[in-house]
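Enquirer: Reproduced below are the annotations present in TrEMBL:
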type	residues	note
DOMAIN	A:30-138	domain 'Autophagy protein ATG5 UblA'
DOMAIN	A:163-220	domain 'Autophagy protein ATG5 alpha-helical bundle region'
DOMAIN	A:261-345	domain 'Autophagy protein ATG5 UblB'
REGION	A:1-20	region 'Disordered'
REGION	A:221-254	region 'Disordered'
Amino acid sequence: MSAYGTTRHHGQTSANSTPASTTLFRRLTWEGTVPLEIRVDSKELPANSDRGLECYYIQAPRVSYLPLLMPEIRRFLMDVVFDEAAGKMLKEEEWWFESEEGTLLKWHWPIGLIYDNHTISASIRPPSQTSTSHYNLQVTPLKLILHLASPPTEKLLLSPSAESCKQAYMGQLKEADFIRWGNTKRMTGLRKQDQDGIWEGIKEHNFDDYWRVASKIVPTTAPARSSSPPPSTNPSMHIRPPSADPQSAPDRDNAYNVRSVPVRLYLPDGPVMQDVVSPTLEDGSAHTLVHYLSTHLPLLFPPAPYSGPELAYAMMHGVLVPPDAEMAWLGACMAGADGWVSVCVGIAR
Amino acid sequence: MASGSPDDSGRQAALPWTPGDVSESATEALQALDTYKKKDPSKVVVRFKAVGNAPIMRQNFYKITASNRFQAVIQFLRKELAWKAGDPLFTYINLAFSPAPDDTVSNLYKSFATEGHLIVNYSTTAAWG
């Protein structure tokens, strides 16, 4: 990770003025996958099911959603596990997932977030015998129990259909847009085919299709003037001067010019915290992850000077993020496909 | 968390750590975590605004506990409007977007409050969906 550096300051500028490093991190974020082990609740298996095979393993894209996996899971179960007649009786809209620990899995959370949230929640439970790593970040399948009936609708909040997942997703994109710019003009300005296209990009896990539309709403890390030398380490360069040329599109879309970065902070077993996260601090310097964490969770990330042991860690897309990463940069390069930077905090051991 | 779900022999009980298991720093971290888990007992003002031909409420300012989920706001609104289950009701913040139902009123208030109010628009048809 550290070999790639943490700032926007290197890498060439490509034709569409997206720096190569930005594209690299966007691709790394997009290509991330997590292993899932899906097991049908043995008490709910229909009669005559093939009991030896009720487990299904899948390497799922982090940016995808559980309702999008359902056709594949269903196909497997129908082909291999369920008796044909019994399988036809099952209603897919009554299926729902639970973790091994009994946590309901939400239809509208990205799969990667479900996985990371499980990892940090495990960090406050007694260490299991198999965990040896300090952060317990080794990749093991997340074990899911698939129930075939009686969904706890009140707690799941949304129906399991791909359509309601899409609506929830669009809501998240719009909320992120509003956080960044104080309005949703970029989102509402998208044509219908683009709005559908961005969701298709997720459904088909197609990076290019997704970014063709997403680049119209997600800010860039491109320097404010294409002719200017690479930005110095002085972050104040990124603040829009009062008389900024309104025609300068890269400036208008610059990650360091947003009102606020869409960030949510996830703690083990909840809660989820969200408020205004400005890209720069009052002194003009960039707002870094370590500053953000020590402001919001000072008991877990004590502000400098602090020389005690590390109490907690911050993870995004399954990787530990360097403390000096800038919030604006994270918003442009490491946001999920829903536009949000999801910071998962676990307890260090 | 654990509910009436099937008893899995491989399941680990979510016991608190015993002192022998954890370092001092982990104990400190778990205590710190508890302070962040405390529910915010404060209340915030939510202002409901009808959109289109949605019925208008006689009273439209309400104080709602900040730790509530947005889902609770939706349910409250439906009750106040005597809305039938299954009849569509769309809710938005600042005439702009529908928040996730599991987001808290506190989070939404901190990010989107206007002059001390969280403005919730409601409509019988999808408006900004």
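Placement of Cβ uses the backbone N, Cα and C atoms for every residue, glycine included.
Because TrEMBL annotations are produced automatically, they should be read as predictions rather than curated entries.
Worth saying up front: this structure is predicted, and the values here are computed from it rather than measured.
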Enquirer: By DSSP, what is the split of the domain 'Autophagy protein ATG5 UblA' (A:30-138) into helix, strand and coil residues?
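Expert: Going by DSSP assignments, the domain 'Autophagy protein ATG5 UblA' (A:30-138) contains 45 helix, 22 strand, 42 coil.
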Enquirer: Using DSSP, what's the helix, strand and coil tally for the domain 'Autophagy protein ATG5 alpha-helical bundle region' (A:163-220)?
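Expert: Each residue of the domain 'Autophagy protein ATG5 alpha-helical bundle region' (A:163-220) counted once, the result is 43 helix, 1 strand, 14 coil.
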Enquirer: Using DSSP, what's the helix, strand and coil tally for the domain 'Autophagy protein ATG5 UblB' (A:261-345)?
Expert: 15 helix, 22 strand, 48 coil
